[in-house]
Amino acid sequence: MRNKTYLPGDEIVRPTGILHGMICVTSGIVEILSVENDSSPIISFTAGTVLGEISLFLAIPIKIIIRASTIVELQVLDAMDFYRLAMKFTSNCSAMRADIIKRCKESRKILLNDETKSLDPEEPANLRLKTLKELIKNLKTSPNPGDVESTKLDAFKANITNLYVIMENLPKVKVLPLTLMRNKPWILRPDTPLTYTWDVLMFIVVSFVLIYYPYVAAFYRQIDTFGYMVLFSVEIVYIVDLFKQCITAVPRDDLFSYKTEVKEIVLTRLRSYGFYLDVLSTYELSVFTPLFNFGTRDHMLLILSLNKMLRFWIVPRLFDTMENQFTRSLLFIRIIKYIYYVFLAVHNAASFLYLEACPSHCYADRWFHFFHANRLDEGKHQPTVLHPYIISVYLAVMLTSTTGYGNILPASDEDMVTMMVLMILGLITFTFVISQLSGTLKHIERKKTQYQEEIYAIDRFLKEHNMPQQLRERMRRYFRVQWSYDRGRSFHRTIEINQLPKKLRTIMLNEKLTTLQSVPIFKHAHPGFMLELAKGCQVRVLPDKEMVVYAGSLDREMYILQSGYCTMHNKNRPGEFSVIGAYTSFGDLEMIQGVPIVLDVKTLTHVRIICIEYATYMRAVTKYPDVSRHIEQMMKTTKITASSIDLSRITVTEKRTRHMFQPTVWQRFWTCLKDAFINVYKYDKRHNRDYWEPFQNWNKLSFLRYIFLPIVLKPDSTVLRVWMTIRVLACIFVGFLAPIYFTLPALMMKITGWILMFQFIIWIDLYLTFHLAYYDQKGVLIFHPAKTVPHYIKGSFFLDLIISFPYFTLVRRWIADHRPSFVYNGCGLIKVLQYYKFLQVCNAYETDILRRSASLKLLKYLPTILIVTNLLAAMLILIECQSLEYRETLFDLSTHGSYRAAIQEHCSRPLGSNQDMDFEMYLIAYYYITASMTSCGFGDVIPTNNTNVVACVFTIMFGVFIYGSMFASIAGSKIFAYYNVTIYRTQMREMMTFLGKGNVSEKLKRRIFMHYLQTWGRTYGYTPQKTLSNVHTVLKQDIVDWMYESTLRKVAVFNFVDKYFIRCVGKYIDEIYFLEGEEICKHNHLQDEIYIIYRGKIDILDADGNFVTSMGGGGLFGNMTNKSTALSAITAVAATNVELIRMKSDDFHKTLVIYPNIKKEIVRLTSLSPDYISPTAEMDYITVDNVEIDSPVR
């Protein structure tokens, strides 16, 4: 039995056919709805009810709707599982079936004898719902239900079983918004908007406590009126929260009911450590304040109030709750969480460091006093620089990030211990954050990486079989489209309609039903029949220029075009083709009658096609035979001719153009250039439309139409790709050169030409984007300038305009000459924001499933980090070393620094007076930013004032997060690259350990190990054949035809068969590998497969183990009888390492039904040798005179 859970309102059973299983209600309430009376409720059942037990023995159509009234948990017994069990317990199942038949006969007898169809002899009308409930209730409570058997009412009672548990007064059950019960309004319901709002309020209060209390206790150390108000308010909120926890219901273990007694709630809360922390944090420790001196009471009160921080556990609880919500972005929430944790860690570490150095006053042997003394000795005493909080945060960042500039050193043993602990905790914190972020990205990238590895395994498989580049490219394009459509879920058949939520299932089925109703033969079909087809059909997404079906195909599949366009070529009308669009069907009559299709259908654009297989059609027809008779009547009036199939679907008919000559390179270039642009004016003139009319929708701005050209660029053209490459390179060079251009006047003249050239490219791109065509939501190409211009303006136009505007020139002319140059130079740095174009291109490439994620991420992060470092270095120079004025140097170098004299000399003169000194200053700034971002400070360059310290802190934190995200992103994308290797190695190690414990011989262990090692070398742990089985039928047949045709042609009976027979066989075959000396099949063992030798040789042995023959490529052996399984009369042993093509005997003989001539030849050859057929290279070739060239049955 399988466990299933339904939400309120989900339909468990619908009247669409026959129920195939029994339903047992484990918890919750289900209700029976009437189909004949607008789905009105009839009766409701609760836990303990069994429904549909008769479906295990009889096929009875469903005439009711079973719907979940609450959250329902069911145990479902499938009929097929029951049948397998019944074969083992035949006597019990026979008794159960007899009981079911007896109940059915007695019910039928009552209905036939009662003319009024009433179960109540005193009421001539039909039985009311109330009467039915009373009857079942009385039967349940009666001590002797079988005493009275004289009336029809007693006859009805005799047929009532103990399988039903009625839920009374279901319509009266109402869910209260805040509480659980009306008689206990003080017990709150969990997971309501009120409780969620209170949790958010507590998160804000606790966050305030974690920030405010350590700061006041460490640095402020006084309590004013505001401080007392804060302490009192927090105490009140904590008490209310503790009370709220005691009156909020707690779910029981079954998750369907709640504990509503206060005693039960409190006892449940006492089992969690969080409740004890809440009690300790609520307790007021200020009662111990009088024990201290009067002068230190305020400070001790603040220190004792730090127990309020014990409620920190609320923060991770709320974050975990948000992470468990499926509608939120897991990556975004975790990034916010990690930033929050790091900020709290640095803030509290800074407070603890200052408290350790200055408990009541600053001790002379602690780090803070020592730092003051060093500053005074250097003659740089500035009160603003020595602010306690800033310098404490700076030291905390140095310790937690393990940067260690060395300008603040421990002065005592206590300092050494404190700093050592903080360094270890900081290292653990940052390592934890990066590892968690890497795990998150790994979880997000897992599906993509596995899909990529599967594609690469198939690509390697095709390379080993010398597959041509054209077929390999078709395979790549097919996989790319599957990923872009639904992340490969439909490709792997992982979407189960019945397992989806009700609303999503309704949307998917309605979309399919709308498409199915467009087929003429299904227009008047039964709704249940259409629903069965919708559940069983497949949605295939194909790229452009991909074959949908070949003429002569006998796959018996029907296709309905859901979106996109295809070209249809009729073999009887060579040189012509028709273009078909959405809701066009083909192959329907051919599928039903089993005749070959006469059309070659090829996709023109990306298409979605609904495919209905013959097996799906027959399952639906079996349940609704009336539909089958209706379809047969329609087909009697329809002649299956090529013209009727083709002409009924023609929308556009044109002659096919063929190039009789090979174009030159110049002609190819001109064709590429011509295909890249669309002359809208000529297009509208050719179609008798006014080019200027759409501009009237611009109203007063219609005069701007003369600014834009009547030519647009196609979005998928080669010209656009080339231009985007130039544009991206321009963005990268601007990111590197613009900071140097606007900060180093001495180098400005040398790179002015490059800056102007890149600026010109930017403005051309801005104008060109107005003329870029685009695809709308329906996949239609929009290329009129009246539509492309508003589309770009609504997009990224204003952002592109802001970052490309020449602020540098304008601001320099507007401001006065005495203003500092960093104002207008800083405006020029806005141009660096154009780098977002490069990030857009990288993100677009990352969505391509065929590209390696790790290399793309490295390509994206490396220039990004270099440009960000370059920008930060330029900003530091602009702020600290302005031209025409002297400010305090940006850097305070230690005595061993090699740049001390140069920097002091440089900053004492204007920027631009010395080119070498300008570049040297820029290099030192870049070096300082890099050292800070990578947390690798050597102490030769350090900050000196408040501005520099704050900038240094933010630079270090920014560097930690950007480098951490880079490492996490690359690690998360690479971790699954070796996942399959690790799993395969682990399984092999466990298998060898198991064989060792079983005392298996070393020779056998070695052989088993080599077998799996060879399998890994051929498949890399994947099963390419299984993956290919999910590929589009035509593409798979093309691949199999190329790989195995030469091998199958060596089989004697397949030497002169129709080529399509090989394509049919290819649907069922896969490869298997054996080492030299391994037994493939053994004498007198059951065999259900047929093997064809692909590579290598095998030896055939008789029953006594004597050598009979040896076969190479093309040899056929196995179960070639008409039976599913048969005893093997030979033993096949691998003479060398062999690769075999295998297929099930049932599938092989299913194909032979279509080709009777091959079947006859198989029977003739197996009469000579029933277990193997040697290849044509080892026996006489079968000539055309002996075997008729076979063709499919018409």
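These residue numbers are counts, starting from 1, taken along the chain as shown.
Placed from the backbone N, Cα and C atoms, the Cβ positions cover glycine too.
Caution: TrEMBL annotation is automatic and unverified by curators.
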Ranges in play 386-405, 606-625, 1046-1065, with TrEMBL marking transmembrane segment at 386-405
Would the transmembrane segment (225-243) count as touching the transmembrane segment (194-213), if touching means at least three Cβ pairs under 8 Å and pairs must be 6 or more apart in sequence? yes
Please identify the stretch among 194-213, 921-942, 949-971 with the greatest number of Cβ pairs below 8 Å relative to the transmembrane segment (386-405). 949-971
Helix, strand and coil residue totals from DSSP for the domain 'Cyclic nucleotide-binding' (521-638) stand at 40 helix, 40 strand, 38 coil
How about long-range neighbours of the transmembrane segment (858-879): same chain, 6 or more residues beyond its ends, C-beta under 8 Å? 732, 735-736, 739-740, 742-744, 821-822, 825-826, 829, 832, 835, 838-839, 842, 846, 890, 911, 921-922, 925-926, 928-930, 933, 947, 951, 955, 962-963, 966, 969-970
Long-range Cβ neighbours of the transmembrane segment (194-213) (under 8 Å; 6 or more residues past either end): 178, 188, 230, 234, 237, 241, 244, 248, 302, 305-306, 308-309, 311-312, 314-315, 318, 321, 340, 344, 347-348
Determine whether the transmembrane segment (417-437) and the transmembrane segment (338-355) share at least three Cβ pairs under 8 Å, counting only pairs 6 or more apart in sequence. yes
Restricting to the same chain and to residues at least six past its boundaries, which positions have a Cβ under 8 Å from a Cβ of the transmembrane segment (12-30)? 1, 3, 6, 44-53, 55-56, 59-80, 82, 165, 167, 170, 254, 256, 527-528, 531-532, 623-624
